[in-house]
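The next block holds one structure in the form of structure tokens; read it before the comments.
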Amino acid sequence: MSSKNFSWRYSLAATVLLLSPFDLLASLGMDMYLPAVPFMPNALGTTASTIQLTLTTYLVMIGAGQLLFGPLSDRLGRRPVLLGGGLAYVVASMGLALTSSAEVFLGLRILQACGASACLVSTFATVRDIYAGREESNVIYGILGSMLAMVPAVGPLLGALVDMWLGWRAIFAFLGLGMIAASAAAWRFWPETRVQRVAGLQWSQLLLPVKCLNFWLYTLCYAAGMGSFFVFFSIAPGLMMGRQGVSQLGFSLLFATVAIAMVFTARFMGRVIPKWGSPSVLRMGMGCLIAGAVLLAITEIWALQSVLGFIAPMWLVGIGVATAVSVAPNGALRGFDHVAGTVTAVYFCLGGVLLGSIGTLIISLLPRNTAWPVVVYCLTLATVVLGLSCVSRVKGSRGQGEHDVVALQSAESTSNPNR
């Protein structure tokens with residue numbers, strides 16, 4: 001172990017055990033209470049649109065918070081940002097379990113998302129600090145990624161069981177207690193891993209990726225994929241439990257099948273992307289989104305009200321989601337190695353804002369108890385991405401390939417930001 005990492009003396013297994021609860025709890029904050037969503041408007045005396053906003057704000061703040069907590073963890077250290085984020089998450093979760101005010105509930109969801117974002121940033125920054133340039137980094141990222149991929153499958157099922165036994169408020173108490181345990185372990189065993197103070201964020205760096213067509217292509221690819229899943233889990237409780245009469249437990253199990261399709265696809269993509277190339281895989285993912293949307297539209301037009309008529313096309317959409325999310329990060333970061341941290345934050349922030357705002361707008365304009373929001377979102381975003389892919393392909397057709405040329409152009413522009 002190198003001297004710069006002398007403070008971290010844990011095995012790989014112990015490291016995963018210490019880090020993973022923060023990532024899991026941050027993700028469970030989005031998925032675990034989905035089975036209770038149809039009943040929450042009555043409990044809080046509000047509208048379904050307000051409850052939808054609690055989903056949107058959490059997702060958007062998770063991404064936007066990285067612009068704040070990433071540089072903050074570089075300046076103050078990983079440990080204080082992690083523990084501060086854990087404290088915010090605990091306070092918000094316990095408040096969510098107690099409040100009966102829709103306005104307070106929404107504010108606490110924003111606080112909970114900020115805490116989750118701080119924990120995510122600190123966790124992945126710690127992995128970079130400890131294992132930078134070492135083979136273990138790929139192992140631990142793979143383990144954490146696999147755990148996070150399973151949350152959409154396990155989270156709603158766990159939430160349904162807690163709701164059935166103790167009520168929906170206990171879901172947030174469960175999250176708060178889990179974060180208390182994780183933070184207590186971190187307070188005792190998690191040393192500071194940042195050994196060198198990093199200069200503050202140069203805000204001009206935030207503009208570097210937005211000038212690059214390749215960055216926008218893959219950021220929109222991410223927004224198309226994750227946004228499709230966001231719209232799905234936003235409308236699925238009302239559609240399946242309300243319109244189709246599925247029980248909470250049945251909903252959670254059916255929801256899990258889509259998440260499982262995504263997990264298996266993501267694992268398969270690790271072999272497909274190097275063989276076929278990012279541009280081809282991107283187009284394949286968008287094609288799956290469009291095909292799934294067309295099948296959903298057919299079931300709606302022909303009034304096929306069966307559960308299978310909704311969930312089977314969603315398996316295809318789920319494959320498209322996993323494909324898009326697998327290919328997007330590396331594609332967006334190509335050409336920005338020297339400012340990868342900043343560009344990563346911009347990527348997740350813009351992606352979260354785009355999918356949250358566009359998805360929420362579509363949900364608000366279309367009937368929530370139908371598949372039309374998923375259909376319109378998938379068709380719109382996937383078509384935009386495919387169109388932008390064609391533009392990028394034309395621009396990069398002079399020899400080296402579409403994205404290599406664009407990446408070189410972006411690298412040249414970033415080397416002289418004052419140009």
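Just so it is clear, glycine is given a Cβ too, placed from its N, Cα and C backbone atoms.
With respect to the membrane, Gly70 and Leu213 are recorded by Swiss-Prot on the same side. The transmembrane segment (343-363) is not in contact with the transmembrane segment (10-30), judged by fewer than 3 CB-CB distances under 8 Å for residue pairs 6 or more apart in sequence. Same-chain neighbours of the topological domain 'Cytoplasmic' (31-46): 55, 100-102, 105, 151-152, 155-156, 158-160, 162-163, 168, 171-172, 174-175, 233, 236-238, 241-242, 248, 251-252, 255, counting only residues six or more beyond its ends whose CB sits under 8 Å from a CB of the stretch. In this chain, the transmembrane segment (47-67) does not touch the transmembrane segment (81-101); fewer than three CB pairs sit within less than 8 A of each other, excluding pairs fewer than 6 residues apart.
By number of Cβ pairs under 8 Å, the transmembrane segment (371-391) is matched best by 280-299 from the list 10-30, 47-67, 110-127, 170-187, 280-299.
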